[in-house]
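Chemist: Mind looking over this structure? Questions follow.
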Amino acid sequence: MACLVLTAMIWGFAFVSQVQGMASMSPLFFGATRFTLGALSLIPLLWFRRRGIAEQERRRRESNECPTVTLGNGITVAMPKCLGNPVVISVICGIVLFTASTVQQYGILYSGSAGRSGFITALYIVMTPLLAFLILRRRVTMNVIVSVAIAVVGFYLLCITDGFGSITLADVVLLSTAVLFAGHILVIDTFGQKMDPILLSFGQISTTALLSWIGSLCEGSIDWAGAMQSWFPIVYAGIGSAGVAYTLQVVGQQLVPPSRAAVIMSLESFFSAVGGALLLGEVMTTRAYIGCALIFIGTVLAQVPVKIPRLLRKRE
């Protein structure tokens, strides 16, 4: 459990690094340097797991199976055979991750607040089951419906202070980030279940880094002097978030049940607020803190498995 708490803390404090990085770098260039370091930090893990990865790939080729996805109504749909290829899966996940992380970085640039950004982004936990219902027809439980209502109230208190006109561009961008990260989770859940997690992480992070470099070149935002000024945020967000935190997550989830692990990981938003207050001197209003608390409650409730009382179950 300590591994997962430390992971949530590293990811939460990464919002501080993302805010600091925006002082001298563009979102795309920050992402390029950050994800490049993240990919490089995973190479030792890939080397350590090379035999297992090679064996898994050998079995995949021998099986010659077409990938499938099971919808919520129990119908299994066959997918193109290329979607079983690790390279294709990594590129698809990387494209979604690049989109989500870049939009998030622009939201952080406009917001300038680590805590606010962390809590709005955390809404992806609530949005994931909703997207699964809309796209994959998976059932939505009552606790998810309640958690959505609580999170919406929390978002209202945090972002809407004087009518709906008080919603800022940063709030809208960060809210769209939550939707994109929810989509990223579903893409991994749909296509990456049978793929080695370290290999998938390396592939998608490398794809994100490559696309970020291309974007930086196109907009002419490569600034090595700015990168030198923000070297610590880059190192922390790159190696810390991708290399160290991901490794801790893999270790922690081998020892802790998934439902409990998900709840612990929700502490990321809490640590983003703590990091913003301690390192950036951020202060929010009482109303905003209440909104953050409700968003946190909603994200936790969305992951807690609810057992339906026997008397309320439908008789067959």
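Glycine is no exception: its Cβ is also placed from the backbone N, Cα and C atoms.
The shown structure was predicted, so the numbers you read here are calculated from the model rather than taken from an experiment.
Quick paste of what TrEMBL says about this protein:
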DOMAIN    3-158  domain 'EamA'
DOMAIN    170-301  domain 'EamA'
TRANSMEM  28-48  transmembrane segment
TRANSMEM  87-108  transmembrane segment
TRANSMEM  114-133  transmembrane segment
TRANSMEM  140-158  transmembrane segment
TRANSMEM  164-186  transmembrane segment
TRANSMEM  228-248  transmembrane segment
TRANSMEM  260-280  transmembrane segment
TRANSMEM  286-306  transmembrane segment
Chemist: Helix, strand, coil residue numbers for the domain 'EamA' (170-301) per DSSP?
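Modeler: Breakdown, helix to coil: 112 helix, 0 strand, 20 coil.
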Chemist: Please work out the mean pLDDT for the residues of the domain 'EamA' (170-301).
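Modeler: Over the domain 'EamA' (170-301), the predicted model scores a mean pLDDT of 85.
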